[in-house]
Amino acid sequence: MRFERREQRSLLLLVGAPFAAIVVALALSGILIAIAGAPVLEAYRRILIGAFGSRLSATETLTRATPLMLTGLAAAVAFRARLWNIGAEGQFYLGALAVAAFGSQLLAGLPGPILIPVLLVIGALAGMVLILIPLWLRLRFSVDEVVTSLLMNFIAVLIVSMLVDGILKDPLAFGWPQSQSVADHAMLPKLVSRSRLHIGLAIAVVLAFIIAFVQSRTVFGLQSRAAGLNPQGAVFAGVPLSRTLFKVACLSGGLAGLAGAIEVMGVRGYVTTDLSPGFGYSGIVVAMLANLNPVGVIFAALFTAIMFVGADGMSRSLGIPTYIADVTVALSLLTMVVALFFTQYRVRR
Amino acid sequence: MSTLIDILASAGLWAAILRIATPLIFGTLGALLSERAGVLNLGIEGVMTFGAMIGWLAVYNGVDLWTGILVAACAGALFGALHALLTVTLGLSQHVCGLGVTLFASSFSYYVFRLAVPVAGTPPTIIPFQPLEIPVLSSLPFLGQAVFTQTAPTYLAIAIALVMAYVLFRTPVGLAVRMAGENPHAAEAQGVNPMKVRYGAVIVGSALMAVGGAFLTLSAFNSFFPTMVQGRGWICIALVVFSSWRPGRALFGALLFAFFDAFQLRLQTVVEGVPYQIFLMTPYILSIAALAIMARRARVPQALMQPYRRGER
């Protein structure tokens, strides 16, 4: 048995493959649910109800999808240029931390319409700073950025832990290590009243479309794709490789930092070391599920959010551990890369 | 200054070094073997987590400690087979698949653990490996306390490092592994099937990683809790680069790393006014520094991360 490259790919295959991947992932998780002794279809029905059954749960799902879209975009733009930024988790935390630091004290005097955009930029800049270290190590010492950007995640969370228990600690938090809250007028406006859903969702969706445009219609988009497809070839074609990677890194780190900033300004108001339930890592899955397509990221983030929010409700009623959501999402990443492989290759005996 | 000397002169420090190094030795050797054959296995973090969980769970359910280690090794081998299927047979991106395996293996570990062990106030425990009494050696002054108070898996880790160094550089099997990682086309021409060699290396490597994880729950601690692997897998990947893909240096690197880790743990208790998080950061900063220093000089296996497809160049 061997694999042979497909000369042409049918539309049905291209559209059907991602859906087939999700179905297979859900079927595999179904086996795990069955082993746990719960009715499988009923479990999935309850996941859907948990994610969309009421106005509250639907807005919760969209609120959860917002940071996932941004970290998903962060991974998608980086991976497209073969820049393996696995550090979105740490960049998310630094963005959140920067917003908490500037939004609670230093800049809290500014009026809301100025303060909010300034804080969003500060959050993005904080994320950028963190990715520039692995990037510099790659360009200067040719160190693979996968491990360095991963290790930066642990360092970033420790920095957060140190500051929320130190100079940023909220004295009114009954001794809990928690940062001071950002000023009330620094909080993002709500998108839907009486819910947690904030305009961060709109920002994420708009950014996805802007990035899609940049990637398909600008010189930078072409250069970043070229840098990913064939670095040597790109250099011969006149692509400034280091500068392109620098821009890609800034974009990627900035998006992840922005995700952290928006999570603080939209939902929590303050930072703790459990602000993120792995948004940075889930972003990698979101990007891969979308096949690195920025608009696809929106839908992949929704799928992931549905699984996470829905599994909470399902877990309470059926007694299946909520970790089933993480398992399903991770499995769908693996089935997706296999499905994408079979859109490019066919099996020959 | 005198406190520094006190720390260095305490047998406890040296005993701790070997204890801290053991999971790193297993993990680094596993990653090293796999990379020597040309396959980067970023599944390591998840495989270590799964090994820690399943080994502990097996012992908790009544099997003896060595069977627990064996169960972990078999589970690790299965994840290795999955990674090999994706990266060797299908030739998919080793980065992406490795991360996928890590995410899957760690969330699957937590799922199984939660199903098997209901939430309790205090986590359930097992009786872990006890220090091995070695006649004569263990009763030596200082040295006995510092070096010869380890549990059996620690000695096993050191033995495996030596065996791997011998096998890689002195046997036909080792030559086949290195050929698959340096030039699979040449290996094929010599009648060695690089696909099979890669499968073998990834599977055995993953088994070693899982044993490293199991050491955490069966010897270093006596219970399992989520996120207990704490990035040790990623540190192992860094140590492989540090070691220039040589088992002997991997052993040395893991010990050196453990020395700094054990040292900072003791320094935390005597240095005042420095937040403890600074100390906790040192292992990660050291790993990054080690990568920066060694990456240029390291001789990377030439076909690392390159999928091999027969008849394709």
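Placed from the backbone N, Cα and C atoms, the Cβ positions cover glycine too.
The transmembrane segment annotation in TrEMBL covers A:12-41 (among others).
Per TrEMBL, transmembrane segment is recorded for A:61-79 (among others).
Counting only same-chain residues 6+ beyond the ends of the transmembrane segment (A:91-108), those with a CB under 8 A from a CB of the stretch are 67, 71, 74, 115, 118-119, 122-131, 156-157, 159-160, 163-164, 168, 179-183, 186, 253, 256-261, 263-265, 270-271, 275-276, 279-280. Residues annotated as transmembrane segment in TrEMBL: A:91-108 (among others).
What TrEMBL lists as transmembrane segment is A:114-137 (among others). Sequence-distant contacts of the transmembrane segment (A:114-137) (same chain, at least 6 residues past either end, Cβ-Cβ under 8 Å): 74, 83, 85, 87, 90-92, 94-99, 102-103, 107-108, 143, 145, 148-149, 152, 156, 182-183, 185-186, 188, 203, 245-246, 249-250, 252-262, 264-265.
According to TrEMBL, the transmembrane segment annotation covers A:149-168 (among others).
The transmembrane segment annotation in TrEMBL covers A:197-215 (among others).
The list of residues near the transmembrane segment (A:283-311) in space but at least 6 beyond its ends in sequence, with Cβ under 8 angstroms from a Cβ of it, reads 18, 22, 46-52, 57, 60-62, 64-66, 68-77, 79-80, 86, 88, 204-205, 208-209, 211-212, 215, 256, 259, 277, 320, 322, 324-325, 328-330, 332-333, 336-337, 340. The feature transmembrane segment is assigned by TrEMBL to A:283-311 (among others).
For A:323-343 (among others), the entry in TrEMBL reads transmembrane segment.
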Same-chain residues near the transmembrane segment (A:197-215), Cβ under 8 Å, at least 6 residues beyond its ends: 59, 62-63, 65-67, 69-70, 73, 76-77, 80, 120, 187-191, 221, 224-225, 251, 255, 258, 262-263, 265-267, 293-295, 297-298, 301
Positions on the same chain near the transmembrane segment (A:149-168), where near means CB under 8 A and six or more residues out: 84-87, 89-91, 93-94, 96-97, 100-101, 104, 130-131, 133-134, 177-180, 271-273, 275, 280
